[in-house]
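Enquirer: Here's a structure for you.
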Amino acid sequence: MKDMEMKEGKRDSSTSPNSSETLWKTALFWQVVSAVLLLVCIALAVALGVVSGRGGHGAEGEGSGSPVVGHGTEGGGTSEPPVVGDGQGGTNCSSTSIGPCPAGMATEEVDEDSPAMYDDLTAEELRAVREYLLGQPGLDITPWEDASFHDNYIYGMELHLPPKADALSYLDNNGPRPERQALVTVYGGGRTQPVVEQYVVGPLPNPTRHTAHAPAGRKNPIPWHSRAPETKEYTLLMPMITQATKETDRILKESFGYTFYNCSSRCLAVADTAPRGFRSGERRSWFRFSRSVEGKFLHPVGFMIQINHVSLDPAQWRVERVFYNGQYFASTAELVQSYDDGSAWRAQLPVLAGDDAVFSTFRRRGDPQPSRPLRAPELIEPDGRRYKVQGRRVEYMGWSFNWRLSTTQGLQLYDVRMKDQRVVYELGLQDAGTWYSGTDPLMLSALYVDNAWPQSGSFELLRGVDCPKTATYFDALHHQDTGKPRRFKNAVCAFELDTGIPLRRHFDSDDAGGYTFYGGMVDHVLVLRHINVVYNYDFVYDYIFHQNGVLEVKTSLTGYLQPTFYTPDQDPYGYRMWVNQVGNVHQHFFNFKVDLDIVSAQNRFETVDIVLENITNPERPELRHIQTRIQRNLKTTEKEAAVQYDFNRPKYYNFYSEEHRNRFDAHRGYRLQLNGIAKSLFPREWEPVNGAAWMDYQVAVTRRKDSEPSSSSIFNQNDLYDPVVNFQSFIDDNENIVDEDLVAWVTLAAHHVPHSEDFPTTATAGNQLQFFIRPFHFYDEDPSAASSNAVHVTPGDDFRSAVVDRFGTPETTSCFPKTSPFSFNGTWREV
């Protein structure tokens, strides 16, 4: 400042009289300009006050003041459309009133001291269960961190749901609150005959008893060979993998430029596949290798080894086969000999360079889009959150529900209500399958059902990408293959979304160049989201709550492909992609449990068939008339209600209450609308289908039983042939389903023929599967008719103005969204 003052002083001392006059005139000019601008600001403030006075809430209550007439341009013969006025007027937009948008409705964390009935187990509860079981001499359980493969140890723990009757008694009839219990899986490697055991432990948080869990709807006991693999088994397998790659190290370097044994750079990654064999009782796992670079899934090398690890004695485990460049060998020694004597076809994979070095990555390449970086539109909540969160209970626009993130099955909903009337008691993912085709060991073995690979797949969601910045985020807690609970930060999110399309609208033309009215409402929805990562795939699971009483269930597919190393015999199974790989055809399946309770738990299931009729034309009897009509078809048994969709016989799938009708005497019901279905081509008699029999039905309706809690099991993957849970048995007992508590098992599916645009990853656009749970005469009219977010417009005089009614909702925004610095950790931590 001193330097500046000295310079200004010198400049003043040398200024001439003419220069001083010029400066005085300049100052006077800017004073006049400032005065004019001040008058303009005052005039604008007065006008704004008048508009606010007309459109404000006043004394009319609930913001239902009279609509305001907006005036168009009055002269000049312009043909511009009229200006539409706002039924609420403006808000104070002076600079002094602008600040961060309000937080809105409250959010409360889970009460760790008193968790709700459906809340996942807390860290304290998990620790209490562990300590209780370790203290039971008869169970002989070793702490996980001290256990070996030959010990008995806890594999996993999660919430065990109370019987539905007890839950409904508590929710609806002020009955006692069901005690909280844990379902614990124990790997009994130390038993005389190793076996997998499950126990129900309670009451929590201070357990005093345990009982064996052996529901009638599944195989008991659980065979040892059916267990899901975990750390202790992999620890024993890894030295065998290392030894096999040591013996083939030179071949791997010469063929692929990468290696596994004693690697420090240019390393190979290893992964296994399942099921582990082609017959029940086997445990033969193929291990495949790929270059360990970003997007390693797209860098397979033509090398795999098979290990037989079915024996109870790991010393008896052995490498049974080796696969190299499309050829099978009985051992690594046979491969080395054949490679050296020239009898084996050698592979030569080029070194990654240039564009080929980044094709599997998320790094930007190609012409920039847009040409210079520009920020995309973002959500804003001008009045803050419009949904309420209390632990794991959420309320939004008449909807309420509870949710949890099951370690073995993923995101689950409970007690879903609209306008305080239960629609769904339980809704949740049961299992997901991806079945591949091809000729090499990877493709022949890749019949995945994901429950065996932790279905929760919980990892941190990136704010602003995986979910909007406005979302509410929730941590997840899991206890599987670990000695302590693990907390996964921001694993689930909830947010309100402007879908960008009207929920309902109509423009009513007067057929003379004008209109009589316009009515519309944006489809604002609440989304509850979890993204499940199973190795290469990322599955986005959304439960979407629309304001017209529709509940949408959507699965979006993204993540990496699982291609295989190209050899000519793979040509019938897919297109060649990049230099050395083929994208093999496969099919995705997703099964959901939908326990609908329409008014009560006793419901009926019918199809409303749309059929053709050929009748005499009542107006012209000499003519025939062909049209469609509806035909209600009540399903009485489970076999009748197992649906394999026939496009020649369109129909609605309706669940309704026989005892309850709407004001027009129609049975109150909800129907299922399937928008993401595909036929499974696998024949039912093929043995692997036993482990995922649900994939054969787009919808199957069964009588609800506590003994049939799920259509699948984490133990099915490793014995598809004689599975622990065979869903077909749910149908084959063919029970009565009239006026019973019913469950719909819904399967979404898609065939996928990979193509070059699936690089680097499959995009969600075009890969979204969904079904809707829609009201069908449940209400007397659309529930969203009560929304104050609708707009009604009628014309003013000569269409030079419009009368706009926003039903009390302000139009303008006088706040800016809160911002926070970038934060992403991406790790779990033990608690």
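Including glycine, each Cβ sits where the backbone N, Cα and C put it.
Note that TrEMBL annotation is computational and uncurated.
Sharing the feature lines straight out of TrEMBL:
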ACT_SITE  D450  active site, proton acceptor
ACT_SITE  Y537  active site, schiff-base intermediate with substrate
COMPBIAS  1-13  compositional bias 'Basic and acidic residues'
COMPBIAS  54-64  compositional bias 'Gly residues'
DOMAIN    125-208  domain 'Copper amine oxidase N2-terminal'
DOMAIN    232-326  domain 'Copper amine oxidase N3-terminal'
DOMAIN    378-784  domain 'Copper amine oxidase catalytic'
MOD_RES   Y537  2',4',5'-topaquinone
REGION    1-20  region 'Disordered'
REGION    54-111  region 'Disordered'
REGION    206-225  region 'Disordered'
TRANSMEM  28-51  transmembrane segment
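Can you tell me where each of these features sits in the structure?
Expert: Taking Cβ-Cβ distances under 8 Å and a sequence separation of 6 or more, the neighbours of D450 (active site, proton acceptor) in its chain are D431, A432, G433, T434, N532, V534, Q717.
Cβ neighbour count for Y537 (active site, schiff-base intermediate with substrate): 23 (other Cβ atoms within 10 Å of its Cβ, all protein chains included).
Here the domain 'Copper amine oxidase N2-terminal' (125-208) is broken down by DSSP into helix, strand and coil counts: 23 helix, 28 strand, 33 coil.
The helix, strand and coil residue counts that DSSP assigns across the domain 'Copper amine oxidase N3-terminal' (232-326) are 30 helix, 31 strand, 34 coil.
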Enquirer: For Y537 (active site, schiff-base intermediate with substrate), which of the three DSSP-derived states applies: helix, strand, or coil?
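Expert: Assignment for Y537 (active site, schiff-base intermediate with substrate) reads strand.
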Enquirer: Please report the three-state DSSP label of D450 (active site, proton acceptor).
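Expert: Reduced to three states, the DSSP call for D450 (active site, proton acceptor) is helix.
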